[in-house]
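This report concerns only the one structure given below.
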Amino acid sequence: MTTYNLRLKAKSELTPHPTAQYWRKCQVEELFEMPFMELIFKAAQVHREHFDPQAIQLSTLLSIKTGGCPEECEYCPQSARYDTGLEKQVMMDVEEIVEKAKIAKARGASRFCMGAAWRGPKPKDIKVVSEIIGAVKALGLETCGTFGLLEDGMAEDLKQAGLDYYNHNLDTDPERYNKIVHTRNHDDRMDTLGKVRHAGLKVCCGGIVGMNETRPERAGLIASLANLDPQPESVPINQLIKVEGTPLENAEDLDWTEFVRTIAVARITMPKSYVRLSAGRTSMPEAMQTLCFMAGANSIFYGEKLLTTCNPEEDSDRLLMDKLDLYPLAYEPSDA
């Protein structure tokens, strides 16, 4: 098996943009420690250097194969190792997926993300999802897939099928990775990210906060993302959704200001990435989401489901966007 570890920036290596430097963990911690209002202001300034602050990229996420995953990730209700009441479902039919994609596009989504609960796909699975990707791409939607660990050649096959993005999150601080995930390691994730980059796919890579981590550990997650070379085009920041039956069902609540800080620090350290306000929005008041947008979040998952958990209804999202004079970003082939 060929190993394609995604290269990290060397400590002495600086890119032409001053904010694309190597980020030491202590530097990221210093950002977290800034006075709240100063941090939000700094993040907003960085955001405006690279994006229209009123434009929001809308993605819809669909679970095309649900439950029964052999992995043991303490946050995930789809693991076969936990009794969460989730019923295992086989792969959806192509026609049903395409119909869901048509609905998503009609409602304003520009990107359609598809997830399958596998440790990694088999060659026969790649053939099936390649057909699905081609059908969704033909609708004029940007495509994203999250299918787990990839073997050699699979990323190239997905690229050939028309996939734009591959989602593969780093989940948490590398130093605590195996406290949360017990059936793979951080290097496994980096290997697949390397395969994805080698194939010419764009990268969607983020993590989850609210899993009883400390602030320095949140800084470690952001540093590990910011030091990917090149940086991810999309960075989803998820707030843990506590699901009964998972080991993290009783995790301590993360203070809302700490989540907003995480969004702001992600924006400052990854100035050209789309920072996605992802899972956990059903528990976020409008004012909190507004602060996240001010701090540089410029993408959301749009639709009533995020794989197996609830998401705000489309109508409530559009109402909030109208209140804030935000508008959905249209998909163009050259967009990140």
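The backbone N, Cα and C atoms fix where each Cβ goes, glycine too.
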Of the candidates CYS69, CYS73, CYS204, which does Swiss-Prot annotate as part of the [2Fe-2S] cluster site that also includes CYS113, CYS144, ARG276?
CYS204
Could you tell me which three-state DSSP class CYS144 ([2Fe-2S] cluster binding site) falls into?
strand
Near the Cβ of ARG276 ([2Fe-2S] cluster binding site), how many other Cβ atoms are there if near means within 10 Å?
24
Which residue, of the binding-site residues CYS73, CYS76, CYS113, CYS144, has its CB surrounded by the fewest other CB atoms within 10 A?
CYS73
Residue, out of the binding-site residues CYS69, CYS204, whose Cβ gathers the largest set of other Cβ atoms within 10 Å
CYS204
[4Fe-4S] cluster site shell beyond CYS69, CYS73, CYS76, criterion: Cβ within 8 Å of Cβ centroid:
GLU71, GLU72, TYR75, PRO77, GLN78, SER79, ALA117
Rounded Cα distance, in Å, between CYS73 ([4Fe-4S] cluster binding site) and ARG276 ([2Fe-2S] cluster binding site) is 22
How many Å lie between the Cα of CYS69 ([4Fe-4S] cluster binding site) and the Cα of CYS113 ([2Fe-2S] cluster binding site)?
19
